[in-house]
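Participant: There's a structure below that I have some questions on.
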């Protein structure tokens, strides 16, 4: 699920933190990809009449089809992907997982009913909600990646946290996930839409955490508290708190301790803290997630030539993929992996850290821009009000 409304809030309050570009802009970069999120997107995207793609023997192949072709597209564009799989979920997440399972069970029943009585849209909507990434899906995807020569790692717990640790440690340029909590786990750069299909024509979003914090004028701990207040996978949300209220509360009360105290002191009781709301535990999971450090021997990743015959055996003989397509894909992969060895020129130069004076100037300019925007909105609103109030003359 990630963090509710976080991207909307970033876009509104700190748009300079987001760069929009094409996949080719990521040429020569190593990227850590949240595998479970990608596999889930392949399972819900590659569907026809509410059914996943299947082999002749009735086995689901959507995840393998998506992984094979999207990974090839990345390598085609000079990217060196590595995939990170979820390990065991933290204990605090068990409540959220139980709720998800309940929703999927209900959705499955609704999907069956929709097949009998509903429209094609109903069938599609409810079928998507029943999709779950299984251990078998993960194991098959890991087998496929090994045959493709693409490295992967299983995280101790959350894949997003491990992706963030690899980006922070300089093993990769960025973490790629649709889950916004990857930013909460402290990835310097988050890429969204990287594994989307070309047909969707969605730009790659490159979100820079330092600019997010600078634009929101927050320290990291405050940002984590904001994310928890917006709604995360570890805790029930506080009903009635949307993105604007969450930002206002953190700015006014500095941290969650202050926010909770303020809410409890209100006589109107418009907002209520859930009985079991261990926000300090959730904060600690973001501050100190269980991850392998970037210098761990298991994080010594190598991109190798694909095992062409192994791919044919697995995808063609076992999963009944088209042999010509698999062989052509493997040949392209082999050729493009050599191209991906080239380094970007920027890799030879370290970015120059901004001075305190430069940061202050940037902040002042951003504040002035915001003030200007507010003034314009006031003038526009006043003009609109006057135009409405102006009496109409009889013709």
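Placed from the backbone N, Cα and C atoms, the Cβ positions cover glycine too.
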Participant: Out of 210, 225, 233, which is the one Swiss-Prot records at the Mg(2+) 2 site of 179, 181?
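Facilitator: When Swiss-Prot describes the Mg(2+) 2 site, the candidate it includes is 233.
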Participant: Between the candidate ranges 341-349, 350-358, where does Swiss-Prot place the region 'Interaction with PCNA' annotation?
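Facilitator: Feature region 'Interaction with PCNA' in Swiss-Prot: residues 341-349.
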Participant: Of 34, 76, 186, which one shares the Mg(2+) 1 site with 86, 158, 160 in Swiss-Prot?
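Facilitator: Given 86, 158, 160 bind Mg(2+) 1 in Swiss-Prot, the matching entry from 34, 76, 186 is 34.
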Participant: Name them in sequence order: residues not among 34, 86, 158, 160 whose Cβ is within 8 Å of the mean position of the Cβ atoms defining the Mg(2+) 1 site.
Facilitator: 36, 37, 84, 155, 159, 161, 162, 163, 177, 179, 182
Participant: Reported in the order helix, strand, coil, what are the DSSP residue counts of the region 'I-domain' (122-253)?
Facilitator: 69 helix, 15 strand, 48 coil
Participant: Which secondary structure state does DSSP assign to residue 34 (Mg(2+) 1 binding site), in the simple three-class scheme?
Facilitator: strand
Participant: In sequence order, which same-chain residues at least six apart have a C-beta under 8 angstroms from residue 231 (DNA binding site)?
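Facilitator: Sequence-distant Cβ neighbours: 3, 4, 5, 237.
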Participant: With Cβ-Cβ distance below 8 Å and at least 6 positions apart along the chain, what are the contacts of residue 160 (Mg(2+) 1 binding site)? List them in sequence order.
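Facilitator: Expected: 34, 37, 175, 177, 179, 181, 182, 185, 187.
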Participant: At the level of the C-alpha atoms, what whole-angstrom distance separates residue 70 (DNA binding site) and residue 86 (Mg(2+) 1 binding site)?
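Facilitator: Just about 20 Å between their Cα atoms.
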